[in-house]
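Per TrEMBL, the features are:
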| type | residues | note |
| --- | --- | --- |
| DOMAIN | 23-288 | domain 'NADH:quinone oxidoreductase/Mrp antiporter transmembrane' |
| DOMAIN | 290-342 | domain 'NADH dehydrogenase subunit 2 C-terminal' |
| TRANSMEM | 56-76 | transmembrane segment |
| TRANSMEM | 96-115 | transmembrane segment |
| TRANSMEM | 149-167 | transmembrane segment |
| TRANSMEM | 179-197 | transmembrane segment |
| TRANSMEM | 203-222 | transmembrane segment |
| TRANSMEM | 234-254 | transmembrane segment |
| TRANSMEM | 274-294 | transmembrane segment |
| TRANSMEM | 324-346 | transmembrane segment |
Amino acid sequence: MNPYALSILLSSLAVGTITTLSSSHWFLAWVGLEINTLAMIPLMTKMHHPRSTESATKYFLTQAIASALILFSTIMNAWATGEWTIITMNDNSSTFMLTVALAIKLGIAPFHLWLPDVMQGLNLTTCLILATWQKLAPMSLMIMTNHQLNTNLLITMAVLSAVIGGWGGLNQTQIRKMMAYSSIAHLGWMTLVLSFSPNLTTLNLMIYLMLTSSMFLMMTTLNSTNINKLSTSWLKTPLLASSMMVTLMALGGLPPTSGFLPKWLILQEMTKQHLGAVSTLMAMSALLSLFFYLRLSYAISLTTAPNTSNSNMTWRMTHNQMQILPTMIMLTTMMLPITPTLLAMLN
């Protein structure tokens, strides 16, 4: 893609997200979401492949439906209450419609079906943007309106997302689809605690962004999109392959990695709210997700490709865009000891 066009599109993505994050008026927030969507579609179609065109079409249709629902719900709320500010969503039907629209935007179950198919048709860099940056604006709107959303609806969607995110990734061989189902499961954990502790949702979102970013950057460095390609990564770069294993364990939520921190705090909060059955179900669904992370770890470390490379090991870390990778890997593994500091910052 032309560098000038790419810079304009990336700038538009940033402007759209910042507009939504900084607005207090529903119309401005909606405009920011629209700028985000329209900047994302050319990035999706830059591969000139039928799969990428299909992904861009699916993405456009789902986001257009969600945007129409957001606009409709805010107009209904303004008609009922006379207010356009984000924090005054007092009409029940408008609030329900807004929750559904933001769930479609994010890919929360049962409105998740577009996300795995869309991610499968994109290259890894665009997948990274879709799985991380594109979650910021809709999730910020959910956090801003958390006190007005229906708690029972959020808990139902959260449990569904965690179960479907774990169950859907079990039989996949494509890593992009696995990461899509991983994203759905993590969004379930964020949605679960949204009504009770928005600060924990913010912490979970930050850690999810770091883990997913480091995973996609490693996949880009190794040029791996399925399990078969991943099995040759140990021969190319053993250190990076072992780092990927640790990142996968962090995504699964195993201690002492950073991924354990939000799950532990969310389950603690749910227990305080006397939601023991929901906590148990979420913990069990986390085991489903952990299974396919372990499957990927097994493919990386304990399987050897049938055709061993006879060439010298190639230097894989010379690209400028990969200089951030060691920092991301450190954050992936070593945030658990600073838990009290993080909680103090959020409170």
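Just so you know, glycine gets a Cβ as well, placed from its N, Cα and C.
Computed from a predicted structure; not experimentally measured.
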* Do you know the mean pLDDT across the domain 'NADH dehydrogenase subunit 2 C-terminal' (290-342)? -> 71
* Intrachain neighbours beyond the transmembrane segment (274-294), with Cβ under 8 angstroms and 6 or more residues off its ends -> 155, 158-159, 162-163, 165-167, 169-170, 172, 178, 181-182, 185, 188-189, 192, 248-249, 251-254, 263, 266-267
* To do: Please figure out which one of 96-115, 179-197, 234-254 racks up the most CB pairs under 8 Å against the transmembrane segment (324-346).
  => 234-254
* Distal contacts, the transmembrane segment (203-222) - CB-CB under 8 A, six or more residues away -> 124-125, 127-128, 131-132, 135-136, 139, 175, 179, 182-183, 186, 189-190, 193, 229-230, 233, 236-237, 240-241, 243-244, 247-248, 250-251, 258-259, 261-262, 265-266, 316-317, 319, 322, 324-325, 328-329, 331-332, 335, 342-343, 346
* Quickly jot the same-chain residues contacting the transmembrane segment (96-115) by Cβ under 8 Å, restricted to those at least six beyond its ends, or write none. => 33, 58-59, 62-63, 65-67, 69-70, 72-74, 76, 89, 135, 138-139, 141-142, 145, 149-150, 153-154, 157-158, 160-161, 163-165, 180, 183-184, 187-188, 191
